[in-house]
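The structure appears below as structure tokens.
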There are 2 protein chains.
Amino acid sequence: MISIARSASAKHPARPGLLGLLALLLTWLLALPAAAEDGYDLWLRYRPLPAPVLKQYRDQGTQLVAPADTATQRAARDELVRGLSGLLGRAPALAAQARRDGAIVVGTPASLPQLAALQGELEGLGEEGYLIRSTRIDGRAATVVAANTDMGALYGSFHLLRLVQTGQPLAGLDLREAPKVKVRVLNHWDNLDRYVERGYAGESIWDWHKLPDWLDPRYTDYARANASVGINGTVLNNVNTSALALTPMYLEKAAALASVFRPYGIKVYLSARFSAPIEIGGLATADPLDPAVRQWWKDKADEIYRTIPDFGGFLVKANSEGQPGPQDYGRSHADGANMLAEALAPHGGIVMWRAFVYSHEEPDDRHKQAYNEFVPHDGRFADNVLVQVKNGAIDFQPREPFHPLFGAMPRTPLMMEFQITKEYLGFATHLVYLGPLYEEALRADTHARGPGSTVAKIVDGSLEGHALTGMAGVANIGVDRNWSGSHFDQANWYVFGRMAWDPHAGAEDIARDWARMTFSTDPAVVEPVVSMMMGSHQAVVDYMTPLGLHHLMGRGHHYGPGPWVEGGPRADWTSVYYHRADARGIGFDRTASGSNAVGQYAPPVAAQFGNLDTVPEEFLLWFHHVPWDHRMASGRSLWDELVLRYDRGVDYVRGMRRTWAALEGKVDTERHHQVAVFLGIQEKEAKWWRDASIAYFQTFSQRPLPEGAAPPPHGLEYYKSLQFPYAPGDGK
Amino acid sequence: MISIARSASAKHPARPGLLGLLALLLTWLLALPAAAEDGYDLWLRYRPLPAPVLKQYRDQGTQLVAPADTATQRAARDELVRGLSGLLGRAPALAAQARRDGAIVVGTPASLPQLAALQGELEGLGEEGYLIRSTRIDGRAATVVAANTDMGALYGSFHLLRLVQTGQPLAGLDLREAPKVKVRVLNHWDNLDRYVERGYAGESIWDWHKLPDWLDPRYTDYARANASVGINGTVLNNVNTSALALTPMYLEKAAALASVFRPYGIKVYLSARFSAPIEIGGLATADPLDPAVRQWWKDKADEIYRTIPDFGGFLVKANSEGQPGPQDYGRSHADGANMLAEALAPHGGIVMWRAFVYSHEEPDDRHKQAYNEFVPHDGRFADNVLVQVKNGAIDFQPREPFHPLFGAMPRTPLMMEFQITKEYLGFATHLVYLGPLYEEALRADTHARGPGSTVAKIVDGSLEGHALTGMAGVANIGVDRNWSGSHFDQANWYVFGRMAWDPHAGAEDIARDWARMTFSTDPAVVEPVVSMMMGSHQAVVDYMTPLGLHHLMGRGHHYGPGPWVEGGPRADWTSVYYHRADARGIGFDRTASGSNAVGQYAPPVAAQFGNLDTVPEEFLLWFHHVPWDHRMASGRSLWDELVLRYDRGVDYVRGMRRTWAALEGKVDTERHHQVAVFLGIQEKEAKWWRDASIAYFQTFSQRPLPEGAAPPPHGLEYYKSLQFPYAPGDGK
């Protein structure tokens with residue numbers, strides 16, 4: 001069609017026949033299948049900008065000066081061409097130097113001599129930072145993206161595109177950005193058979209069987225999406241892993257993925273099974289102090305780095321939930337981690353050693369066990385070990401107080417582990433934006449070195465002066481066309497990346513960026529969407545586990561309400577262990593009169609949480625067993641407040657449905673429809689949570705429902721009878 | 001953009017500004033993400049026709065007269081609008097009657113009074129047939145699609161679109177079509193956890209967890225694709241099924257799918273677990289002669305039909321490979337099938353009872369067991385029972401002689417079961433067109449009623465006068481974007497549907513239609529593609545299991561060569577059981593001197609297969625144990641011929657790579673690249689098959705390779721050492 005148009009316009013300028021051509025073009029255009037709005041593009045959705053702002057950006061994107069001599073440079077230039085072509089409706093003219101005002105100039109002092117003058121300004125931006133500045137280059141007004149490295153320039157290119165996508169002016173720019181955290185990784189809980197533990201977006205995107213030969217184009221789009229938010233590493237396999245992931249066949253496959261990710265600055269990591277020396281090495285032991293075992297890991301590391309020269313390192317789940325580990329041999333977590341660290345150190349690799357451990361013997365409140373096991377080893381971990389700590393002490397509940405390990409291991413770099421996939425949060429169909437959860441955890445004050453000792457400062461290393469820092473997110477990615485199982489779950493991948501880059505960033509600002517990039521820059525869309533998102537976390541807390549309740553989900557799969565779950569292999573896998581409801585009241589006494597988990601926090605925090613008068617109401621039943629008639633801040637009794645919180649959660653979802661319904665016509669039909677249906681499921685399930693929970697807890701409280709609260713439509717036995725043997729993601 | 005263009009052309013006809021507008025349109029058009037050629041569209045790929053033929057079709061598609069008062073009528077009209085808009089570059093004008101020459105008129109005498117005159121012509125077309133005729137309607141030249149039912153008209157609409165897609169002239173049409181087989185069903189071996197047994201295209205497209213609320217638009221596209229080739233039923237769940245598929249929760253989900261499929265004439269069927277009365281009914285037995293069991297199934301059938309009024313019926317795998325069945329209670333397959341048939345009969349449902357059974361005690365050559373178990377019950381099955389028989393007696397091998405049951409049960413309607421998914425055929429990456437395999441099986445002459453008693457005539461009921469007839473295909477469908485795991489595997493879904501509609505159709509004609517619809521109408525593409533496809537089946541036979549060898553694949557997963565497989569729970573799950581290679585020769589003696597499986601065929605067939613001089617070479621080692629030095633038709637020894645057949649298979653794949661490479665630029669980049677990479681994998685694996693097989697069999701033959709044959713690059717131990725614990729589809 002281009003050639004037709006060109007020849008027509010060259011030979012027959014502006015004559016009536018052109019109208020016919022135009023009409024033909026239009027009809028063909030309409031006949032072509034429209035690019036489906038199926039969510040595959042994620043936030044890298046480069047649709048044409050609205051006409052009113054188009055000219056402004058075109059004047060500032062007349063040319064693109066961006067070298068393409070390395071793979072990362074090509075990635076940056078390709079992304080800018082793709083993005084600007086889509087957003088501005090025409091491809092930018094590529095040029096070796098700026099010849100007109102309005103050029104976009106991207107590079108490093110090494111790749112573009114024009115940028116040599118900026119050398120001094122780049123100090124302090126490190127290997128991943130960049131600056132974006134409105135300045136003059138080659139005597140022309142230009143927008144410059146400059147960095148010390150190609151990767152910095154790629155990150156800056158994505159930032160520049162984000163500015164255009166979100167409608168920010170490009171005039172007078174003077175931005176400096178560098179990540180505050182060094183290791184920003186996704187943890188894929190993906191098995192080698194493509195099953196994803198706690199995955200609600202379909203099976204694993206890693207098509208192991210066809211690797212290394214077939215490199216699905218999706219792998220490149222995965223890398224683009226991650227680089228666009230600053231994620232620089234990915235652990236390919238589940239923490240509950242087979243040792244086979246470390247065999248040559250799988251290393252070759254991992255190397256193929258690494259080759260796709262490398263230009264985007266993404267390192268490949270692998271989960272390592274601690275007993276691999278036995279299972280694939282033929283040794284009789286995996287004792288970390290055994291010389292043969294140590295040598296086996298050194299040889300394995302050498303082999304891995306021959307295959308993947310920039311391999312990132314190992315993630316390890318040891319002595320937890322049945323996984324093997326150093327304690328099997330009477331050794332400590334530090335012994336285990338340091339053995340692997342020793343093998344990786346010559347190659348620059350790191351160990352991410354998970355602190356999510358709890359004893360098989362249940363000697364104590366599970367809340368306390370990670371602290372008990374790790375604090376004694378503070379200072380004993382090798383320099384290239386990060387201890388990876390979940391945000392809370394139980395397990396990715398809708399709301400948890402911050403993990404007491406934060407602030408308790410000053411001599412050890414602690415890495416944050418957030419869950420992006422919504423294991424305990426209703427799976428893919430519930431709209432829950434996790435930005436507020438992450439923000440709450442990161443802004444929590446540990447008081448470890450006095451007021452202001454936030455979790456964010458521990459994670460970014462600034463509180464204790466650690467250089468090795470990290471944040472991990474358990475991925476919510478699968479083969480579903482929209483990657484994350486729902487359109488709104490894409491925002492959780494996005495906000496994880498942005499907060500890993502800057503743990504002090506604000507959840508609402510990020511939500512606004514995401515909504516603009518993903519749906520529309522129209523404020524009539526953006527503001528309602530951001531508003532829905534920002535309240536959605538509190539809503540799920542309300543309709544599932546209000547006032548500090550936790551771990552009340554169905555057994556195993558964690559789908560739907562199961563506050564009645566009891567029995568089975570261990571008490572701390574039941575609901576009754578956590579809510580402890582009885583005729584007197586409800587809640588887990590973790591004060592000095594109970595398990596004294598509060599004692600693991602710094603004294604000011606312990607004092608606050610341990611006192612019924614000062615504990616925040618959102619953690620009330622987390623730390624205290626409270627009588628049903630306890631007077632709440634609202635003046636209501638605990639029982640009445642509990643019921644009203646459940647109702648409030650349901651009401652919020654109902655409100656989201658109304659808000660979303662009003663956006664019909666402002667959001668494309670395809671995505672609008674799916675979100676609308678999912679919100680319908682969420683309302684149905686929020687009611688189910690409320691009704692089942694109230695039906696159950698009322699058997700203890702023996703109190704009437706407060707005025708205005710509707711009784712559950714079914715008896716308790718109905719709710720208890722519901723079974724979901726094939727709920728997704730439960731590990732089978 | 002439409003409104004811009006309209007106002008511009010109205011106010012400023014044909015002036016220079018229009019050029020700019022045209023340029024703007026073009027750049028925007030180019031900036032829009034092009035509809036990716038990712039294969040999602042299957043053969044319903046309605047891309048604009050090349051300009052030279054466009055006018056002809058436009059003149060014959062000036063208007064569309066097609067009522068849309070029922071869901072099926074709307075499906076037909078929507079498909080015609082979608083198809084013609086895409087193919088002709090503009091939407092057809094909808095009209096209540098033909099007002100211009102060149103109308104397309106679609107309907108039934110009931111839906112369109114204009115078609116009443118055709119009433120007589122529709123006799124004999126039944127409930128699914130149609131005619132397409134160039135005639136005059138409302139006094140205008142028109143192309144008419146007429147049928148007795150809305151479904152017939154929908155089938156005819158797809159046929160008309162196929163004519164346009166494949167570039168057939170629409171002048172002088174006079175086609176009459178009706179299916180020759182009544183029940184044309186896909187068998188999904190999909191588990192309720194979305195795992196697909198023998199699935200190589202990703203997990204199940206049925207998202208059970210989100211059903212019944214979320215109806216993925218893919219379900220509609222699945223129905224369109226099936227209806228376009230005449231498939232009128234789908235068994236949603238695996239034959240190895242959980243009884244839970246029959247519980248209310250899953251029936252509600254199945255009903256939601258049925259509601260999507262209904263307008264497309266596709267009935268939902270379920271696999272029924274024979275022991276369901278125990279597992280979900282609370283009974284102590286599943287004995288088919290027990291009155292309580294019979295009542296349970298009647299009640300269950302009543303319940304199902306209340307939920308799904310047009311439910312198709314049950315598919316049952318009983319007393320086979322560990323599945324429960326009537327023999328557990330000393331009853332026969334007929335007893336079991338008739339009990340279910342009795343429950344379904346009042347509602348018009350049918351039972352498809354699989355003949356793929358073999359004893360746990362291995363009393364005899366597995367080849368003979370289905371015959372031994374079923375033939376004695378011929379005439380004892382209820383009227384609404386079909387016995388579903390695989391094309392061969394072993395299990396979907398690359399090539400098998402026809403199943404001896406065909407022709408041996410004249411009083412029972414036998415349904416064909418083909419495998420579409422490539423369990424024993426290299427999985428998704430091997431290009432193997434199954435049309436020739438299906439054709440070979442259907443055209444095989446059973447001699448049951450003398451010469452010409454083909455399997456096709458048994459399947460279509462004409463040989464014995466059965467009205468209930470059927471063909472089943474084990475689906476190759478999963479969530480992969482291209483549905484089938486590879487672009488060429490779509491052709492196997494397509495050819496299955498076409499041959500289920502007409503078991504006498506030709507594989508090459510169907511391949512040509514498919515290639516035109518899927519890739520291009522350019523003969524420079526179509527003919528090489530069809531040529532690749534038509535030889536691909538013989539090629540895979542050659543490089544995997546030449547000359548009648550069979551069942552030599554890796555244990556369990558059936559991936560790659562495993563001729564050395566021996567031991568394990570039962571002999572007939574090993575390779576050595578089937579090839580019986582020894583120092584003297586190779587092959588399974590199934591003549592009277594051996595297992596005498598040939599005795600199950602009609603005498604002329606038994607005589608042919610049982611005689612070393614007359615057995616077709618492609619079945620030589622299937623029926624005979626043959627000395628290594630046996631002189632073949634080529635004049636070569638068996639050993640030399642065997643080696644050369646392996647080489648021939650590899651050479652064919654190499655040739656397909658060359659052919660495909662030459663099509664670069666003639667096929668879109670995205671699909672061309674994937675096919676090219678897959679052909680590379682196929683060549684690598686074809687060599688692996690050849691080399692491993694030769695290395696193994698040479699240990700018996702002790703003969704040198706014939707001149708020109710390259711020795712295997714590795715020793716036998718290398719090939720035996722390869723392990724694939726996570727190969728897809730092996731049922732875990």
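Using N, Cα and C of the backbone, Cβ positions are placed for all residues, glycine too.
Not measured: the values here are computed from a predicted model.
Summarising the annotation, TrEMBL assigns domain 'Alpha glucuronidase N-terminal' to A:42-160. Looking only at the domain 'Alpha glucuronidase N-terminal' (A:42-160), the predicted model's pLDDT averages out at 96.
The annotation domain 'Glycosyl hydrolase family 67 catalytic' is assigned in TrEMBL to A:164-483.
Residues annotated as active site, proton donor in TrEMBL: A:Glu321. The number of other CB atoms found within 10 A of the CB of A:Glu321 (active site, proton donor), across every protein chain shown, is 13.
Here TrEMBL flags A:Asp395 (among others) as active site, proton acceptor. Classification of A:Asp395 (active site, proton acceptor) by DSSP places it in coil, neither helical nor stranded. Its own atom aside, the Cβ of A:Asp395 (active site, proton acceptor) has 17 Cβ atoms within 10 angstroms in the protein chains shown.
The active site, proton acceptor annotation in TrEMBL covers A:Glu423 (among others). Cβ-based neighbour count (10 Å, all protein chains) for A:Glu423 (active site, proton acceptor) stands at 24.
Marked as domain 'Glycosyl hydrolase family 67 C-terminal' by TrEMBL: A:485-708.
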- A:Glu321 (active site, proton donor) and A:Glu423 (active site, proton acceptor), distance between Cα atoms, whole Å: 17
- Query: Rounded to a whole number, how many Å is the Cα of A:Glu321 (active site, proton donor) away from the Cα of A:Asp395 (active site, proton acceptor)?
  - Reply: 12
